[in-house]
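*Asks:* One structure coming up, written as structure tokens, with questions to follow.
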Amino acid sequence: MKILVDENMPYAEALFQQLGDVQAVPGRPIPLDALAGADALMVRSVTKVNEALLQGTSIRFVGTATAGTDHVDDNWLQQQGIGFSAAPGCNAIAVVEYVFSALMMMAERDGFQLRDKTVGIIGVGNVGSRLNARLQALGVRTLLCDPPRADRGDNERFWPLEKLVREADVLTFHTPLNKNGPYQSLHMADDELLAALPDGRILINACRGAVVDNTALLRALEKGKKLSVVLDVWEPEPELSLPLLARVDIGTPHIAGYTLEGKARGTTQVFEAFSQYLGQPQSVELASLLPQPEFSQLRLNGELDEGKLKRLMHLVYDVRRDDAPLRRVADQSGEFDRLRKHYQERREWSSLCVQCDDAASAELLQKLGFSTQLL
């Protein structure tokens, strides 16, 4: 059995070789000659999986090591009897930590306490729900907007988008990309929403580029709209708008979910799904795959405050490390993908064990996702 895996999926070759012959290939584009005789295809979000790619091939299973699936025509796969699995939630923690890093950077730059802000979370799925829990643990007021969940009668208080826009200091988007239907999210942040957004707000998009109308956003900023903007995703990719990049506060090359843990979860989830599909179910212990981080232990003396928390978070990951490289090379063809392909190893907060002599601080750090040890 021939299994194609994206060359940037960590641990894929080692895992999938237990099930067949593995060939690592670039994801954008998939070499058509590699598809000849292949039985399974494991991709990331850079690969468009549809009839144009797979018609006439022998592929019988597709796995995507990503939470989002808008790059996959799963309806066509189903019609063809091709098995399919994604990796929901695999990078949710990574995206949450990206958002925190960006907010902490802005808090330091602009002289505010995150606890004093109201954060509007648009899309309360795997990412949004985790972000909500961690913000609430820190004492931050959150407002939630999720029309599908609201219509199902889920046990949360959900806000209409138009009201949330007026109330929240921060808008952070965590929705799938739905191009039509009752829950369309394509260009959710359009001219109308941006006009309604009061000056001085923070707008973050770390889900799908087209959820925010990039042309409308650039137009608003050029006309003097006073917003702090964080964009990890762009419309389109990889040919992002250079004028927009020049005006945002933080711009990164679609790497919010790119922790080593998040990537490894994506690989292991599709590996387990494919092994189940073959009738050879296997499970993988994530910790057995991961190397020791550069910083694995640190002692915190006294009570945790927001300044100390920012330093802890930025010790593990500071979003500014990904902003500067993109600005240096964004005007060069192929560099957006190169930054993603050769992304510097990044770990999650859980990789750092913080030794605490204060029980309340240890409890809070645990709720935020750090490993802790009470002295």
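Note: Cβ is positioned from N, Cα and C throughout, glycine not excepted.
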*Asks:* Per Swiss-Prot, which one of T57, T66, T69 shares the substrate site with S45, Y258?
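*Replies:* So the substrate site in Swiss-Prot includes S45, Y258 plus, from the candidates T57, T66, T69, T66.
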*Asks:* Quick check on the annotation: Swiss-Prot has D146, T175, D232 binding NAD(+), so which of G200, G224, G257 does it put in that site too?
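*Replies:* Site partner of D146, T175, D232 for NAD(+), according to Swiss-Prot: G257.
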*Asks:* Taking only the Cα atoms, work out how far T66 (substrate binding site) lies from D146 (NAD(+) binding site), in Å, as a whole number.
*Replies:* 21
*Asks:* In Å, how large is the greatest distance between any two Cα atoms among D146, T175, D232, G257, the listed binders of NAD(+)?
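*Replies:* Looking at D146, T175, D232, G257 as a set, their Cα atoms extend up to 21 Å apart.
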*Asks:* To the nearest Å, how far is the Cα of D232 (NAD(+) binding site) from the Cα of H254 (active site, proton donor)?
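*Replies:* Their Cα atoms are separated by 5 Å.
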*Asks:* Taking the Cβ of D232 (NAD(+) binding site) as the centre, count every other Cβ atom within 10 Å, in any protein chain shown.
*Replies:* 26
